[in-house]
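Structure first, commentary second.
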Amino acid sequence: MEPVDPNLEPWKHPGSQPRTACNNCYCKKCCFHCQVCFTKKGLGISYGRKKRRQRRRPPQDSQTHQSSLSKQPTSQLRGDPTGPTESKKKVERETETDPVH
């Protein structure tokens, strides 16, 4: 290690910054250009804000599709259409007719 001038700020020490500027190339040489390039390009770590993906615009026909859906009748509930009260009455009748228990 060479002795460093104590009057220099740490960011101005020789060898602290590369001679060439960083670029957007992802080749092996550029990935190992400096520590910043290595973490960003080599490791794929960036601490900046993530860009929001824009949603793809729906096709123009989507509005007509929505209107056709609203014209369709709503589906009826599955199961016993009379509801749960009818099944309770059936259970009460079965217990009355079966006195063995």
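Cβ atoms are placed via backbone N, Cα and C, with glycine included.
On a predicted model such as this, the values are computed, not experimentally measured, just so you know.
As written in Swiss-Prot, here are the features:
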type: SITE; residues: Trp11; note: site 'Essential for Tat translocation through the endosomal membrane'
type: BINDING; residues: Cys22, His33, Cys34, Cys37; note: Zn(2+) 1 binding site
type: MOD_RES; residues: Lys28; note: N6-acetyllysine
type: REGION; residues: 38-48; note: region 'Core'
type: COMPBIAS; residues: 48-57; note: compositional bias 'Basic residues'
type: REGION; residues: 49-86; note: region 'Interaction with the host capping enzyme RNGTT'
type: MOD_RES; residues: Lys50; note: N6-acetyllysine
type: MOD_RES; residues: Lys51; note: N6-acetyllysine
type: MOD_RES; residues: Arg52; note: asymmetric dimethylarginine
type: MOD_RES; residues: Arg53; note: asymmetric dimethylarginine
type: CROSSLNK; residues: Lys71; note: ubiquitin cross-link
type: COMPBIAS; residues: 86-101; note: compositional bias 'Basic and acidic residues'
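The most crowded of the recorded positions listed here (His33, Lys50, Lys51, Arg52, Arg53) is His33, judged by how many other CB atoms sit within 10 Å of its own CB.
Here the C-alpha separation of Arg53 (asymmetric dimethylarginine) and Cys34 (Zn(2+) 1 binding site) works out to 30 Å. Take the mean position of the Cβ atoms of Cys22, His33, Cys34, Cys37, the recorded Zn(2+) 1 site; other residues of that chain with a Cβ within 8 Å of it are Pro18, Asn23, Cys30, Phe32, Gln35, Val36, Phe38, Lys41.
A coil conformation is recorded for His33 (Zn(2+) 1 binding site) in the three-state DSSP classification, outside any helix or strand. Reported as a whole number, the C-alpha separation between Lys50 (N6-acetyllysine) and Lys28 (N6-acetyllysine) equals 25 Å.
For the pair Lys28 (N6-acetyllysine) and Cys37 (Zn(2+) 1 binding site), the Cα-Cα distance reads 11 Å.
In this view, Cys37 (Zn(2+) 1 binding site) is surrounded by 18 other Cβ atoms within 10 Å of its Cβ, with every protein chain counted. Sequence-distant neighbours of Cys22 (Zn(2+) 1 binding site): residues of the same chain at least 6 apart with a C-beta under 8 Å from its C-beta are His33, Cys34, Val36, Cys37. In the three-state DSSP scheme, Cys22 (Zn(2+) 1 binding site) is classed as coil.
The secondary structure of Arg53 (asymmetric dimethylarginine), as reduced to three states from DSSP, is coil rather than helix or strand. Averaged over the region 'Core' (38-48), the predicted model has a pLDDT of 84. Listed recorded positions: Lys28, Cys34. The one with the lowest count of other Cβ atoms within 10 Å of its Cβ is Lys28.
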